[in-house]
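Asks: Dropping a structure here in structure tokens format, bear with me for questions.
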Amino acid sequence: MNLTDKPMTIYEHLNDLRKTLIISLAAWLIISTAAYFGFQDRIFDFLTAPLREMDLKLVMTTPFEGFMVKIKASCFAGILFSLPVILWEIWKFVLPALHTHEKKYLLLIVPPSLILFVAGMAFSYYFVLGVALKFLIMTAGSGFIPMLGASKYLGFIIGVLLPFGFVFQLPLLSFVLTRIGLITYKTMAKKRKYAIVLIFIIAAVITPTPDVVTQCLMALPMVLLYEISILISRLARKKQVPAHPEKS
């Protein structure tokens, strides 16, 4: 923000916010529509791949459920693929209020944040989802026939994928908080046991199922990420220059 710039009025801020919301919503709608009409089968096949590995199929409990599930899946894909546009619009909206060093930090943070978000969901999809599904179905016993409702399954998938995307932001968050001086790696290491307890509580809250195995599959990567965050915090700490006494 340049001190010589004329401050924006409330009306101008609201107008910019309106443009940001309209463009973001339009991007989501366009990409969601394209996903539905062009890629709905591929998206659905991708989301149901863990079920096919177990020779299971989804069932419809209402005539419209299959239609609605594919729309919801396309909207979910639309959100993910429109994120760059949405973040760019948010960036343009907050840009005038930022100082030069704040702009630099934000430019450095956003790309790694997107990469970590995608990495978290990919980790969840390839390493957690299948294990959780197999465990839940196996523990039901031989007296049950798995008949998974399409809507419930989609909710379960999203409930597992999204939290991992946010959880994988932890190393980046520790880097930022260390650089601005709010935390230190020593504090994080000292509070490790409390953090682990809190992690398991959070995992129990955000896990879409009440079973212990799925909660552990959520919590254990979070514990590992916390340890990585301590290391990153240690590397990110600002070096203090020792004060030398002036020579007389």
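Placement of Cβ uses the backbone N, Cα and C atoms for every residue, glycine included.
The transmembrane segment annotation in TrEMBL covers 21-39, 71-94, 106-133, 153-182, 194-213.
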Asks: Below 8 angstroms Cβ to Cβ, which residues of this chain, lying six or more residues outside the transmembrane segment (106-133), approach it?
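Replies: For the transmembrane segment (106-133), the list is 50-51, 53-54, 83-84, 87, 91, 94, 98, 157, 160-169, 171-172, 176, 209, 213-214, 217-218, 221.
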Asks: Which residues of the same chain, at least 6 past either end of the transmembrane segment (71-94), have a Cβ under 8 Å from a Cβ in it?
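Replies: Distal contacts: 16-17, 19-20, 23-24, 27-33, 35-36, 39-40, 43-44, 47, 106, 110, 114, 117, 151, 154, 158.
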